Each structure stands twice: as structure tokens, then as C-alpha cells.
Amino acid sequence: MAKMINKTLILTYIYLLIYIILSSGVILYNKWVLSPKYFNFPLPITLTMIHMGFAGFVAFLLIRVFKVVAPVKMTFEIYATCVVPISAFFASSLWFGNTAYLHISVAFIQMLKALMPVATFIMAVVCGTDKPRCDVFSNMLLVSVGVVISSYGEIHFNVVGTVYQVTGIFAEALRLVLTQVLLQKKGLTLNPITSLYYIAPCSFVFLALPWYVLEKPTMEVAQIQFNFWIFFSNALCALALNFSIFLVIGRTGAVTIRVAGVLKDWILIALSTVIFPESTITGLNITGYAIALCGVVMYNYIKVRDVKASQPIPDSLPDRINKEYKMEKKSSDKFNPNDIVEIPRVGAEINDEEAPLITARLSHIGRTQLGNHAV
């Protein structure tokens, strides 16, 4: 039993490490590709369309050709009323977020991303999925003050880049709320493969119009270099990030994921100053971000506490591993849902680059089905 627990913990830490590496890598890679000082491909919409096209193609192969997972029952009504609006805001968040790389540093972008809980809470209240609360409002105020201080201390402050990033954050927040309102109410759950299968092509189409108006004329006039291996590896990293998030959600709880996210942000800020020397961090930057981070941590604690209060008390780690071990011994190569015992877990949230519909709560059955193919 001790060896089994050690093995599980080691795998968990490996998955967390992979997630941190891939998440940081995608952001730094995108910045390097888009920046005029480095690879010089200043076409964020084109880069996003490459990601969406590649992800949709791979998802199609996995579902229709290799039959790794089965497609969900998607009606035209659900696609038109749920998938289309979610895809629109997902495409917008990626478009604005990637465009921000052209104007502001990676470190400052990560500091601005501390506004995500604020944006999500505002959108949730507006859409009626959450209620105004004094404890949450005080945390949101603390985060906002911290971001303002951090912005004031930014040496290379750029209004255009800041507006793009903040707009992208609110578009992502609205996408998250719409996912809860539209999909979860209809009882539709998408794993990373099926979400990319439905969301990526639709997002590609939404991006086609701004691409035609804003970037196509530039590509015709300017001499833009195109390196197949650069863009292939970049899109592959973005796709791998989706799957790593799914593995992390399946192995850990909400607290671990949130701590990993905070750790990733600090690592990313430090790495960006090394890889991109023009990214200068001031003491006021760090002070403001630390204040904002305190608000984020307090907000995460409240959300985790609320989720725990609404769910049965989960088994301890040894008991859960023992159940999973017995279940694995009992199961055959052919998946049998009757053999699965639902194990309550604390919900987990991850908001990251290129991760369209990773829902907050995934059933044990869904994780097991994908896990049988992934292992």
C-alpha cells in the first residue's frame, strides 16, 4: 500500500510539473514567435488560427479515425445556442490575449491576469450564476488595487496592450460563465478531445473575418517568414497543454491545482525576464502583484471552501487509492460503467492558454475512460 501511495504521489507531481512546463512554454513560445525582436511573426490572429486548425484536425483524427473517444450527442440546437457563442468568446479571448504580446511584456501580462477572478465574478453576477457577497467583493477590491499598483510601476506601460489583455480576460471570463450556463444546464460534458472537436473549427471560422480584414493585407505586402517546424511545434505544445490539464484535474484536487497555478505564474515572471531582457520588473510591480495575489489566494480559499461545503466528505488519500486499486483489479480491458464507483472529489478550475472547455468538475467515469486510452 505504501508503495502504491508513493507511486500515485510521484505521478501526481510529474503531471503537475508537465503542466507547469507546458503552460509556461506555450506563453513564452507565443511571445517569441510574435515579437518583432525575435522570430518576427506579428500576426496573432494567424497564429491563433494555426492552433485552432491543428487542434481541430487532431481531434477529428482521434474521434472519427482512431475512435479514441466517442463523440457526444450534439444536436443542431445545442451547437447553435451553446457551442457557437462559447466559440466566439473563446476565439476573442485568444485573439486579444495573443495581440497583447506585441505591446507588453510577459511578466506584466501575468500580473494583469490576476484580474481573472474579478472578471469572472462580475460576469457571473451579471449572468445570474452568482450573487454579490461582501467577502468576495473585498477580495476583488484587493486584487484590483494590487493590479493598479503593479500597472503604475510598469516602466514600459502600454495602453493598447493593456486594453487588449484586459479585454481578453473579460472575454475569457464570459466564456467560462457561458460554459456553465449553457452547457452544464443541458447536461453536456465535454472532455478536452471532444471540446476541441466542436470548439476549435467554430473558433477558426470566427477568426477568419478579422484575419481577412486585419492581417491578410499585411501578409500580402510584408515579407513574412514561415517556418513549418516552428509553427508545428508551437501548435503541438498548445495541444499538449490541453491534455496535461486534463491529467492534472484527474489526479489532484482544487487546492493543489490553484497552488500550482500560482507557482507557475511566479516561475513565468522570473523566466520571462531572463529570456526577454527587455522585460524589466520594478519593486512596485512585485509589490502590486503580491497584493493582488493575496486577494486571489483568499478568493481561491473561499471557492474551495464553498465547494467542500456542498459535497460529501471525501475519502482520505489511502482509502481513495485502495478503492481505485480494487476497481482497477476488477475492471477488464472493455470498459464497464457498472464496475465504477463514483468517488466524490473537490471541484477544480484551471484557466489557461488554449484550453477551451475544461470544465470545473469531471466525473470519475470520464477520467477513467480517457485514462484507459492515455496510459
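Including glycine, each Cβ sits where the backbone N, Cα and C put it.
Annotated transmembrane segment per TrEMBL: 12-29 (among others), in sequence order. Remote same-chain residues near the transmembrane segment (12-29) are listed as 106, 109-110, 233-234, 237-238, 240-241, 244-245, 247-248, 251-252, 256, 260, 263-264, 267-268, 271-272, 275, 352-354 (criterion: CB distance under 8 Å, separation of at least six residues from the stretch ends).
Residues or ranges marked as domain 'Sugar phosphate transporter' in TrEMBL: 14-300.
Tertiary neighbourhood of the transmembrane segment (41-66): same-chain residues 30, 33-35, 91, 94-95, 98-99, 101-102, 193-194, 196-197, 200-201, 203-204, 207-208, 210-211, 214-215, 218-219, 224-225, 231-232, 234-236, 238-239, 242, 354, selected by CB-CB distance under 8 Å and a gap of 6+ residues from either end. Under the heading transmembrane segment, TrEMBL lists 41-66 (among others).
For 78-96 (among others), the entry in TrEMBL reads transmembrane segment.
Annotation source TrEMBL lists transmembrane segment at 102-127 (among others).
The transmembrane segment annotation in TrEMBL covers 139-157 (among others).
According to TrEMBL, the transmembrane segment annotation covers 163-183 (among others).
Nonlocal intrachain contacts for the transmembrane segment (195-214), taken as residues 6+ away from its ends with a CB within less than 8 angstroms of a stretch CB, comprise 45-46, 48-49, 52-53, 55-56, 58-60, 62-63, 71, 74, 79, 83-84, 86-88, 90-92, 94-95, 239, 242, 356-358. Taken from TrEMBL, the feature transmembrane segment applies to 195-214 (among others).
Taken from TrEMBL, the feature transmembrane segment applies to 226-248 (among others).
Feature annotation from TrEMBL assigns transmembrane segment to 255-276 (among others). Sequence-remote contacts of a segment are chain residues at least 6 beyond its ends whose Cβ falls under 8 Å from one of its Cβ atoms, and for the transmembrane segment (255-276) they are 12, 16, 19-20, 23-24, 27-28, 31-32, 35, 105-107, 110-111, 113, 248-249, 289, 293, 296-297, 300, 304, 346, 348-350.
Note on the transmembrane segment (282-302): residues 107-108, 111, 114-115, 117, 121, 135-136, 139-155, 254-255, 258, 262, 265, 269 of its chain, located 6 or more positions outside it, place their CB under 8 angstroms from a CB of the stretch. Under the heading transmembrane segment, TrEMBL lists 282-302 (among others).
Remote same-chain partners of the transmembrane segment (78-96), defined as residues 6 or more beyond its termini with a Cβ less than 8 Å from a stretch Cβ, comprise 44-45, 48, 51-52, 164-165, 167-169, 171-172, 174-175, 178-179, 182-183, 186, 188, 198-199, 202-204, 206-207, 210, 353-354, 356-357.
Per-residue pLDDT, averaged across the domain 'Sugar phosphate transporter' (14-300), gives 90. Through the fold, the transmembrane segment (139-157) approaches residues 104-105, 108, 111-112, 114-115, 117-118, 121-122, 278, 280, 282-285, 287-296, 298-299, 302 of its own chain, all at least 6 residues removed from its boundaries and within a Cβ separation under 8 Å.
Using a Cβ-Cβ cut-off under 8 Å and counting only residues 6 or more beyond its ends in the same chain, the transmembrane segment (102-127) has close neighbours at 27-28, 31, 34-36, 42, 44, 136, 139-140, 143-144, 146-147, 150-151, 154, 156-158, 160-162, 164-166, 169-170, 172-174, 176-178, 181, 265, 268-269, 272-273, 276, 278-281, 285, 288-289, 292-293, 295-296, 299-300, 351.
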